[in-house]
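Enquirer: Annotations for this protein, taken from TrEMBL, read as follows:
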DOMAIN    A:25-467  domain 'Amidase'
ACT_SITE  A:Lys78  active site, charge relay system
ACT_SITE  A:Ser153  active site, charge relay system
ACT_SITE  A:Ser177  active site, acyl-ester intermediate
Amino acid sequence: MSELHTKTLSEIAALLQSGDVKVVEVVKHCLDRIEATEPRIKALITVMGDEALKEAEAMDAAGPDPSKPLWGVPMVLKDLLTTKGVKTTCGSKILENFVPFYDATAVARLKEAGAVFVGKANMDEFAMGSSTENSAFFMTANPWDVERVPGGSSGGSGATVAAGQCFGALGTDTGGSIRTPSSFCGIVGLKPTYGRISRFGLIAYGSSLDQIGPMTRSVEDAARLLQVMAGHDPKDSTSVDVEVPDYLAGLGREDLKGVKIGLPEEYWGEGLDEEVKEACAGAVAQMQKLGAEAVPVKLALTEYAIATYYIIAMAEASSNLSRFDGVRFGYRNKKAEELIDMYTASRTEGFGDEVQRRIIMGTYVLSSGYYDAYYNKAAKVRRLLRQDFDKAFEQCDFIAGPVCPTTAFVKGDKADPLQMYLMDIFTISANLAGIPAMSLPVGLGKDSAMPVGLQLMGPAFCEAEMLSVAERLERALPPLSIPEL
Amino acid sequence: MKISPEEVAKVASLSRLDLPEDKLELFAGQLGDILAYMDKLGELDTDAVEPLYSPVKHTTVLRRDEVRKDYRREEILANAPEQDGQFFIVPRIV
């Protein structure tokens, strides 16, 4: 079947379970697709062709397993999730040859469910960036227009799914890193509630913000992956021990009657590109046609979110990245004769510019004399931002708005770091508050012809309801095809 | 807020980074702009606000108090740039 790559994850899972296609056939198709499109897209740091084919042969020999919901489904992982025996670089020279001896919990759960991994996706170094231009290895291109960025930092994951190289990928989202590439690449991306999916094995950037999530070509696919990964993990002290609902059960609803959608004026005003506004407003109008009620809400502190986020994220990054010292793993400068010199030379040569900039900034805001003025102040504003959401959710069930002020921009267009940080204005608040948020493709911008994503945000642990609403909206919108490559 | 290249060099050294002069100049300008942007948080009165460090309560899970080997020594040493099969090897300290 030459069109296999156009199937959704749910469709291919069903075909594999019924025996209509073999795992080897599907894996080979993905590897062929990778070979054909990678020269232009460059989504993957590592292609796991031999391992995937060997596993596929063993699976076909054993036959379909109905107890494994992802049996034989080819997937890609962002290259900051540890994979036993497979290189995990974090997009950094400092981890260029790092081969973990354990799987991240999310990876282990996908494996247990039968997924076959065909590659590890490119990313901004240590997840620091909004465009996948900060990888130490190469830039990834947007499959809709290879001159443009795929978004970041999970840009490799976004591009590989959009290009039909696999049926789903995992990304991580610290300040929008699942939602922005999903929006730019025209796919579905879900950042679950903080604590919903274990972070064990996720190489940390901002520990109180990072969350793993699915990136797929349909809402149903996202629900399937979340179902497999969600749930308490004793290996992660931030993993929340609450029941996991049935995320697929609420899909297929008839309408959106009784659903209140909050529209914060701070997300729909100045600074938003007209084509993004138009596409998102069209999707909201569609929700209203389906019976949803739109209500105005206030998120008055939105303008403080970027400053709050970057202080907290950089502070946590400076602490998390102190483990990279060239002693136990990663790059080491071999010329240094003394220990401190070795630390310094290894880190200076191993980290790229954006990572160094954030480490220095993080160290600065945590240093004596500045801690209260910056880090502690940001932690207080973070509480106020969460209270802003709590108040908004007294008036509505979900908040809707754009993911990003623009569609995918041209590579090199945002050279100034502060200018790049400002692109995250609509996504970072959800990470600070720890609430779930997702990006749903709602069409192409009329000027750029690039995908536009609508963002939905909801109260903590409302993923089941959010997916249900998103899936109904998805069925009402014209589908985006796989871009021609 | 202005930040000088000398201040950047000092913080870089605390972070175990050694940056060339041109990068110190570049970072000083960029960090100054970023810090000036962050200073807008000063507009908010937060005297009575409790800081929020994490969206969830951290729960330390205690395993049973029994000896267990999760990983083998050779696995843990395998990624080290230099090791002797028993220990990580580092350059001299004194």
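Backbone N, Cα and C atoms are what each Cβ position is placed from, and that goes for glycine too.
Thinking about packing and proximity, how do these listed features fit into the structure?
Expert: Listed in sequence order, A:Lys120, A:Ala121, A:Met123, A:Ser154, A:Gly156, A:Ser157, A:Ala169, A:Leu170, A:Gly171, A:Thr172 are the same-chain residues six or more apart from A:Lys78 (active site, charge relay system) with CB atoms under 8 A from its CB.
In the structure as shown, the Cβ atom of A:Ser153 (active site, charge relay system) sits within 10 Å of 34 other Cβ atoms.
The C-beta environment of A:Ser177 (active site, acyl-ester intermediate), restricted to residues of the same chain at least 6 apart in sequence and closer than 8 Å, consists of A:Asp124, A:Ala127, A:Ser130, A:Gly152, A:Ser153, A:Ser154, A:Gly171. According to DSSP, A:Ser177 (active site, acyl-ester intermediate) is assigned to coil rather than to any helix or strand.
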